[in-house]
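**Student:** My questions will all concern the structure given below.
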Amino acid sequence: MAANYWVSTQRRYWLFSREKLAEAREKLKERDNVAYSQLPLPDQRLLNIYFSQQLSKLGKRMSTRQQALATAQIYVKRFYTKKELRHTNPYLILTTAFYLACKMEECPHHIRFVVGEARSLWPDFITPDISKLGECEFALIAEMNSQLIVHHPYRTLSELQSDLSLTSDEVALAWSVINDHYLTDLPLLYAPHVIAVMAIIIAVVFKPSQTSFHGSAAPSLTAAMRDGSTNIFAALGDKGGNAPRIQKLVSWLAESDVDIRAVVECTQELVSLYEIWEQYNEKHCKELLMRMVKNKNLYK
Amino acid sequence: MAVSPSIPRSPSTTSSSTVPQKLKEIATQNISTGKGVSHPQIPLQNPDYELAQQLNDDVRHKYIKDRKLGEGTYAVVYLGHLRADSASYVAIKKIKVNAEFKDGLSMDAIREVKYLQELSHPNIIALHDVFTSKDLNLNLVLEYLPGGDLEMLIKDGSIHYGAADVKAWMGMLARSVWYCHENCVLHRDIKPNNLLIASDGEVKLADFGLARSFADPYLNMSHQVITRWYRPPELLYGARQYSGAVDIWSMGMVFAELLLRVPFVAGNTDLDQISKINDAFGTPTEENWPGVTKLPNYVSAEKDRIVPLQGRDFFLRQFPTAGSVGAELLMSMCALDPRKRSTASQILQHNWWFIEPKPTKKEDLPRKPGGVKKMGDDLARRGGELQEGPFHNTVRQLDFTAMK
């Protein structure tokens, strides 16, 4: 983590409004309307899930720090706001984003090692020729206007841990909520501290069961949320409630300058992630992408 | 990149329209991996190419390269100017990329771009733009700093400068270091030839090729950083966890060198550097630096060479031109134990800045012609290198285990 978020390139150039983001994507798609009608691709939200999970798989293979993986997630998202998916080999982009992010977060891997691991994960899409990754790194940096520092919500979470006297279970749950938010567009839409506050609220309101730091919060949260996602807001607004911890959080929020509306919107986005996750079918995404890439021989 | 002719053809597409369609495929495919520029006839056909490359081209066309100023192992530096205004000079640092992209971009290039994109301070070299050129090299458009560097002024005996000038230079250095540390960035290569001088006399910290963010607690970092003469004892002893204090030591060494006009402790090897530091400042012991004997490369000094920790008198004697308050400030930057060294903000609050003589105004600082060439050499050099001496004490190797 370096530099100041408020003057960062992340805040100045890579924070979108929902409308702007949709517009940018529409514009990219427009030129390929024919291709889209011939070979439709999965919904953006499903693709988000797919790419994030593929990237996590690569990260896990190489036991990478969460921070580097998170940065790679952002690189992929940024890249696809400027390039149309159909003109790329997404697996090469994922690999390159990972390779570059590791260098950025000071835990570099050798290019051969990265290519080797990516190849064993996606043998149909990654060639052994390492120069492809080198070229793609170059393109990735160029598309991102060489703005490479990314601020993540994890740091805010650890800073607030003692202020809000969060239990280690709550921190673990909030941590996995943050992991999950990389499966959505949220990192392009809201500041990292807003995401962190959202994760804390979810963690405090829904009593954590057992979650590990590296997993997703989905198993423990989906069911709870399905029972009534509005519970969060009810719980927060319930002044006379018998939950002093929640009250403490509410009064802290009221005194802070955090944009509460944004926090609420983030929460809703996350709730809908857990909803759509139930329809998600990895195999289906994989097949569609496979057809897309094979059709164009993009993997060569 | 192989191009497949087997593009899915829908019945609705007439054969005439498949041709541009195909070209488009080629172009965009190539761009997506960065090769699009090798097909000059294609870009015109393709709106996507335009979109992707237009911005980059716009940036590239903003500048004209005039002549080569310097070349190092890692970069070539050109003098350039704005197309729109031939009096607005810039330095264009073209980072050499291995022709086959064998190893990806070097960490130096990545770090430099990464930090300069975010940092913006009057005493830090400005990065105006980044663009890629036709031969797929990364070009950094940097602030033009024709005044050369501090090393040049220190070495030139015909240039006279006094305590007020040193105070002005040190003030600018201290502010740049404070700003870096405030933003959680370690520079890790502070030395006189990384302190470049603008046409108005302002000193600018350059070369962020070794910079990194503060590590998370307990994560190791490389100790193979900072050019040897400016490297603090904890790094020479192989400490893997360290703080902004490493930059403060380098700052102290620059301060001493400005006063003496020669490097204060100039070892020929890392071991020699340690023993010279021992002789000059005192021998590190568990008493004056708790924990020092546990550092990985700690070597205990021979019994007959143990020097007691130097106090104020020593600094006053060695650096009479600094005055007693100045000597005290220098001493606080040269504490052997990094925990006892001043921080950048403590340095900025030191009484020395407030007493006479007042720092020279930047316009009135001594200067020397020939700075443009020096800027070229400085910017082309890879971090951690000293130019002179029989031993090139390069510290930089891409060591993937030590890099963390």
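Positions of Cβ are set from backbone N, Cα and C atoms, glycine also.
Heads up, here are the entries from TrEMBL:
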- B:Asp189: active site, proton acceptor (ACT_SITE)
- B:Leu69, B:Gly70, B:Glu71, B:Gly72, B:Thr73, B:Tyr74, B:Ala75, B:Val76, B:Val77, B:Lys93, B:Lys94: ATP binding site (BINDING)
- B:1-18: compositional bias 'Low complexity' (COMPBIAS)
- B:374-385: compositional bias 'Basic and acidic residues' (COMPBIAS)
- B:63-353: domain 'Protein kinase' (DOMAIN)
**Student:** Are there any residues at least 6 positions away along the chain from B:Val77 (ATP binding site) with a Cβ closer than 8 Å to its Cβ? List them or say none.
**Tutor:** B:Lys68, B:Leu69, B:Gly70, B:Glu71, B:Ala91, B:Ile92, B:Lys93, B:Lys94, B:Met375, B:Gly376, B:Asp377, B:Leu379, B:Ala380
**Student:** For each of B:Leu69, B:Ala75, count the other CB atoms within 10 A of its CB; which of these binding-site residues has the top count?
**Tutor:** B:Ala75
**Student:** Other Cβ atoms within 10 Å is the metric here; tell me which of the recorded positions B:Glu71, B:Asp189 scores highest.
**Tutor:** B:Asp189
**Student:** For the compositional bias 'Basic and acidic residues' (B:374-385), could you work out the same-chain residues 6 or more beyond its ends whose Cβ comes under 8 Å from its Cβ atoms?
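**Tutor:** Distant contacts of the compositional bias 'Basic and acidic residues' (B:374-385): 68-77, 79, 91, 93, 108, 142, 144-146, 148-149, 152, 188-189, 193-194, 196, 206-207, 209-210, 224-227, 392-396.
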**Student:** Could you measure the widest C-alpha to C-alpha distance across B:Leu69, B:Gly70, B:Glu71, B:Gly72, B:Thr73, B:Tyr74, B:Ala75, B:Val76, B:Val77, B:Lys93, B:Lys94, the residues recorded as binding ATP, and give it to a whole number of angstrom?
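**Tutor:** Of all Cα pairs among the recorded ATP binders, the widest measures 14 Å.
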**Student:** Provide the three-state secondary structure of B:Lys94 (ATP binding site) computed with DSSP.
**Tutor:** strand
**Student:** Which site among B:Thr73, B:Lys94 has the most other CB atoms no more than 10 Å from its CB, taking these as binding-site residues?
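**Tutor:** Answer by Cβ density within 10 Å: B:Lys94.
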**Student:** Please work out the helix, strand and coil residue numbers for the compositional bias 'Basic and acidic residues' (B:374-385) from the DSSP assignment.
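**Tutor:** Within the compositional bias 'Basic and acidic residues' (B:374-385) the tally stands at 7 helix, 0 strand, 5 coil.
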**Student:** Would you kindly give the Cα-Cα distance separating B:Asp189 (active site, proton acceptor) and B:Ala75 (ATP binding site), rounded to the nearest Å?
**Tutor:** 17
**Student:** Taking the centroid of the Cβ atoms of B:Leu69, B:Gly70, B:Glu71, B:Gly72, B:Thr73, B:Tyr74, B:Ala75, B:Val76, B:Val77, B:Lys93, B:Lys94 (ATP site), which other same-chain residues have Cβ within 8 Å of it?
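**Tutor:** Result: B:Lys96, B:Gly376, B:Leu379, B:Ala380, B:Arg381.
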**Student:** In this predicted model, what is the average pLDDT of the domain 'Protein kinase' (B:63-353)?
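**Tutor:** Across the residues of the domain 'Protein kinase' (B:63-353) the model's pLDDT averages 90 on the 0 to 100 scale.
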**Student:** Work out how many Å separate B:Thr73 (ATP binding site) and the residue listed as 'active site, proton acceptor' at their Cα atoms, rounded off.
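**Tutor:** Cα to Cα, B:Thr73 (ATP binding site) and the residue listed as 'active site, proton acceptor' are separated by 17 Å.
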